[in-house]
């Protein structure tokens, strides 16, 4: 990134509509590398650092020269990009060609380019002389989208901007695909990746490191938000390697059915969702049922003496005593004394969603816009509520998040508990979350970080002095109290195989994390910085941000104010051109946010430049006026 741009800002105000200095510095790098040099870039910015706005600002710049295609994972993230495109346009302060920008979900892009599951090669010519931006790029490989991207790269010879806060998902294989997509050479995966008998033994070898450094030199942008902008994370539980884990000791009932399930899987449990299930909660005959829909139709079927299922509804005293789930027993007991909002991750949405709903209802927590809990717990005179987010409810997710993130819900009085499966692991932002729970051990280090990154990010907290609490729950045997202090103690399969499922998963996660961190450090070292005058294509965008910052602190100045002129000439060296620019923003009534008057427009008054506050007024009973670009104005073919 261009550190010369960062040096132009002093005490940047982040609390107003703004482009952050590192975003502008990265934008400069993207324009030089992708547009000027026609080279692909991996935007490896850690979650919460604003990759989306950077990508959209770049798309606006690039639209003046080429067509830009933006691919996002699903329809909900498409809505987020559409909204943020409006935000980016409002901050852009320069010309762009909206008709040259197309935003697709991967599903719609597949439909556009496949006929009967066969690529329509004749239609690919539309992508000549274009640029592709791919969000969550680590997820496109191993499916039709990844295949299509490779074909377009080879046929159209175009550059890609790949966005990822975690370019390695499970193994270095993902990184190998990224290298292949970004470079002009075809990669032989057998030469760069060494494979053992287990997934954790998949490593980027020395040849792979050299290929990585050679082919991606000058193509990596790495950035991590400084800790000073984020709240402290407080991990709970006992020390487990370099983190903390809450050991949830199973009851005799749970341990018995847990072991039955495990024995039936004959040590293949790492790859079976039933082990996820019984580590969360045991449900008797449901434990090994793959067709849960059939069992959900049973009427008054007894699972345990104190637990039955009737037409998909669980009921019985066991939902309160919670011998079926050591994790939920800990969770229910702990939340009674906690204040603030909770975000709870779990996997296997059908089984997990069933367990969560009826445990929460039975213990006095009410379903948001649904059933009321037994003897409901209250906050500010209203029931404490929960919602369960799975892929089956995508249509209502946006509205639900609006409620959860609203300032009125900072204390959780509208919606306190948000349970989510993998659908929430990427691209969404949660605000003012004070407690993050892992009911399921994530499969990968990137998934773990993505879940944390939904909440722990810049602008998500009004008060960063208050810590965020993280609870990583592991179901363990009733007599299990092992201290896990070193990975070297668990190099033999015999030692690992006797461990509880969750502890095995944690160890595998840490083994894979070791390799992931090694590669990430290489990528970080490859990220280049330079100090140059801003690229001509972003000068107006940069000046717009400098002006916003200046007039935040200045309500009224002389027209020939030396500080304003000095600021503008730091970018436009010619003083006459700088004065002309000042004339343009004043006569054009540039929009700023002022610390005294809030939303304001610049005006000339006698020999002064003043900030004039404004507000939008309307007659009663007006149906609707679209004052903001809330929706995407960019069309799609």
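From the backbone N, Cα and C atoms, a Cβ is placed for every residue, glycine too.
According to Swiss-Prot, the features are:
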DOMAIN    32-185  domain 'Helicase ATP-binding'
BINDING   45, 46, 47, 48, 49, 50, 51, 52  ATP binding site
MOTIF     135-138  motif 'DEXH box'
DOMAIN    327-507  domain 'Helicase C-terminal'
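According to its DSSP assignment, residue 45 (ATP binding site) is in a strand. Same-chain neighbours of the motif 'DEXH box' (135-138): 42, 51-52, 55, 70-73, 77, 81, 162-164, 166-169, 174, 178, 426-427, 446, counting only residues six or more beyond its ends whose CB sits under 8 Å from a CB of the stretch.
Its Cβ placed at the centre, residue 46 (ATP binding site) has 16 other Cβ atoms within 10 Å. Cβ neighbour count for residue 50 (ATP binding site) (all protein chains, 10 Å cutoff from its Cβ): 21. Excluding 45, 46, 47, 48, 49, 50, 51, 52 themselves, the residues of that chain whose CB lies within 8 A of the CB mean position for the ATP site are, in sequence, 165, 223, 225, 453, 457. In the structure as shown, the Cβ atom of residue 52 (ATP binding site) sits within 10 Å of 23 other Cβ atoms. Mapped onto three states, the DSSP output places residue 52 (ATP binding site) in helix. A simple way to gauge crowding: the CB of residue 51 (ATP binding site) has 24 other CB atoms within 10 angstroms, across all the protein chains here. Break the motif 'DEXH box' (135-138) down by DSSP state and the numbers are 2 helix, 0 strand, 2 coil. In this view, residue 48 (ATP binding site) is surrounded by 21 other Cβ atoms within 10 Å of its Cβ, with every protein chain counted.
Spatially close to residue 49 (ATP binding site) yet at least six residues away along the chain are 22, 165, 223, 224, 225, 457, 458, judged by Cβ distances under 8 angstroms. The Cβ of residue 45 (ATP binding site) has 26, 51, 54, 163, 165, 221, 222, 223, 224 as same-chain neighbours under 8 Å, each 6 or more residues away in sequence. For residue 47 (ATP binding site), the same-chain residues lying six or more positions away in sequence with a CB closer than 8 A to its CB are 165, 166, 449, 450, 452, 453, 457.
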